[in-house]
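Taken from Swiss-Prot as is:
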DISULFID  Cys27-Cys81  disulfide bond
DISULFID  Cys83-Cys88  disulfide bond
DISULFID  Cys92-Cys189  disulfide bond
DISULFID  Cys93-Cys104  disulfide bond
DISULFID  Cys155-Cys209  disulfide bond
CARBOHYD  Asn19  N-linked glycosylation site
CARBOHYD  Asn34  N-linked glycosylation site
CARBOHYD  Asn55  N-linked glycosylation site
CARBOHYD  Asn141  N-linked glycosylation site
CARBOHYD  Asn365  N-linked glycosylation site
SIGNAL    1-17  signal peptide
TOPO_DOM  18-215  topological domain 'Extracellular'
TOPO_DOM  237-247  topological domain 'Cytoplasmic'
TOPO_DOM  269-283  topological domain 'Extracellular'
TOPO_DOM  305-315  topological domain 'Cytoplasmic'
TOPO_DOM  337-373  topological domain 'Extracellular'
TOPO_DOM  395-416  topological domain 'Cytoplasmic'
TOPO_DOM  438-454  topological domain 'Extracellular'
TOPO_DOM  476-488  topological domain 'Cytoplasmic'
TRANSMEM  216-236  transmembrane segment
TRANSMEM  248-268  transmembrane segment
TRANSMEM  284-304  transmembrane segment
TRANSMEM  316-336  transmembrane segment
TRANSMEM  374-394  transmembrane segment
TRANSMEM  417-437  transmembrane segment
TRANSMEM  455-475  transmembrane segment
Amino acid sequence: MFLWLKCFCTLIIVTIAKNSSAKIPHCKYDETINISHFKRLNDAYIYEHFEIPANLTGEFDYKELMDGSKVPTEFPNLRGCICKVRPCIRICCARKNILSNGECSDGVKNEIKLTMLDLTMQDILLTDPTLAELNMIPQYNSTELLILREQFQPCDEIVSLKRDEYTILKDGSILLHTSAEILSNDQYCLYPEIYSDFPETIRIINRRCYRNVMPGIAQLSVISVVGFILTLAVYLSVEKLRNLLGKCLICSLFSMFMEYFIWTMDYFRLLQSICSAAGYMKYFFSMSSYLWFSVVSFHLWELFTSLNRHEPQYRFLIYNTFVWCTAAIPTVVIFSMNQMWENDPGKSEWLPLVGYFGCSVKDWNSSSWFYSHIPIVILNSFNVIMFVLTAIYIWKVKKGVKSFAQHDERNTTCLEFNVQTYIQFVRLFLIMGASWLLDQLTRLAEDSHLLLDTIVLNLTVYLNAAFGILIFVLLILKGSTFKMIMER
């Protein structure tokens, strides 16, 4: 028994030692460089006239990409924490410029020149000097400031600073004079566009929050995509489901499928070369899905309230023209905005910035209400009005024909069939509306740092990811649909 316990403890110690050797204390992976082929002199490695002590080195059997994911390497490589011996500063890289190997292809140089104060963040926190005292401290002129690349994050805030509004410290931290706030070099990054007035004016990206994809979300999204595919396959293969209402629903489901498919492909980093194009497509299909459901709600209202049961020959063509053209208009608008003002940080608050924070449209600040949230609110409000009007009409008709139910069972059966169709689409509408509402509440909670890591917030995230599964269960896994499939 004692021998087994001894072996177990030895195994734990060896495992801890192995894991600890793969990391350098108080040094992030992106602050290290590969020094496997550099000379070792005494107890240090020489890199471009800089000495990296052996205690700032470690062996890594993986490569960490810009998005934080880790890729195993064929052989372990020795890395040294260069930012402990040389000033480093981060410059953000747009998602569309990140290559498959984790490098950034926006052409920004590896070094920049900045005047820095001969103090560290720790010195400022300990002494708490005034601005006048800071001006008397010698400056640290660095011509070899190493550039670290980091991708944009949701909730990032672009801030423009004049020369007298900031001070760069020699450890890469920045002191903001107006707010007396100190940001460490991993709490901000520089905007990738360096202008002629640099460094008299710099533009920094203030990290307001970090969003990490929760465990299982990607897998749920893959299953949702499969759910959309199966639902579409059933509707396309069963002739009774391909009436005008069914065709509109097929188009709506296809739009939602494309939206989820693009998000899933983006998560697995399969859109490297077409990130911006995929972002515009995702926005286009997102608008299309809500427009198609507005068409469905309008058609249901017209179907129930109109005395003329004859469907116009070109009605579906009219619906198609309306939806796709209407969705294309805001897509062209945000594309034009990005093309004209993308390189102007002063207008960044109003830009959708497709391809910067992901292969999608920026949708968390106030300006996103104009090209994302307000159109969806209008469409959802229209859907509510249509469904309420239809419900009122059905209630009145059922009340009116109740006394004639025994005399004309055929009309009652027809009415019951239409009511069941209506109820089915009401359920679908409620799921879509609830999904959008939960998504907005999730973003609001994250941005306000409310309900973070709570069951309520986590549940809404998982429900949104599983939307394709809910659609499949609602529309396919029921007796009437199975009966149509068997009769096909």
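We number each residue from 1, going along the chain as drawn.
Just so you know, glycine gets a Cβ as well, placed from its N, Cα and C.
Long-range C-beta contacts of Cys104 (disulfide bond), restricted to its own chain and to partners at least six residues apart, with a cutoff below 8 Å, comprise Met66, Cys93, Asn97, Ile98, Arg149.
Neighbours of Asn55 (N-linked glycosylation site), defined as other CB atoms within 10 A of its CB across all chains, total 12. If you compare Cα positions, Cys83 (disulfide bond) sits closest to Cys27 out of the recorded positions Cys27, Asn34, Asn55, Cys155.
Each residue in the topological domain 'Extracellular' (337-373) gets a DSSP state, and the totals come to 17 helix, 0 strand, 20 coil. In three-state terms derived from DSSP, Cys104 (disulfide bond) belongs to an extended strand segment.
Among the recorded stretches 216-236, 248-268, 284-304, the one sharing the largest number of Cβ pairs closer than 8 Å with the transmembrane segment (316-336) is 284-304. Mean pLDDT for the topological domain 'Extracellular' (269-283) in the predicted structure: 89. Of the listed disulfide-bonded residues, namely Cys81, Cys83, Cys88, Cys93, the sparsest CB environment within 10 A is found at Cys88. The transmembrane segment (455-475) shares the most Cβ pairs under 8 Å with 216-236, out of the stretches 216-236, 248-268, 284-304.
Least packed by the Cβ count within 10 Å, out of the disulfide-bonded residues Cys92, Cys155, is Cys155.
If you take the CA of Cys81 (disulfide bond) and look 10 A around it, the recorded positions you hit from Asn34, Cys88, Cys92, Cys189 are Asn34. Taking Cβ pairs closer than 8 Å, the topological domain 'Cytoplasmic' (476-488) reaches residues 230-231, 234, 237-241, 420 in its own chain, all 6 or more past its ends. The disulfide-bonded residues examined here are Cys27, Cys189; by Cβ neighbour count within 10 Å, the least packed of them is Cys27. The two recorded residues, Cys27 (disulfide bond) and Cys155 (disulfide bond), have Cα atoms 25 Å apart.
Other C-beta atoms found within 10 angstroms of the C-beta of Asn34 (N-linked glycosylation site) number 14, with every protein chain shown included.
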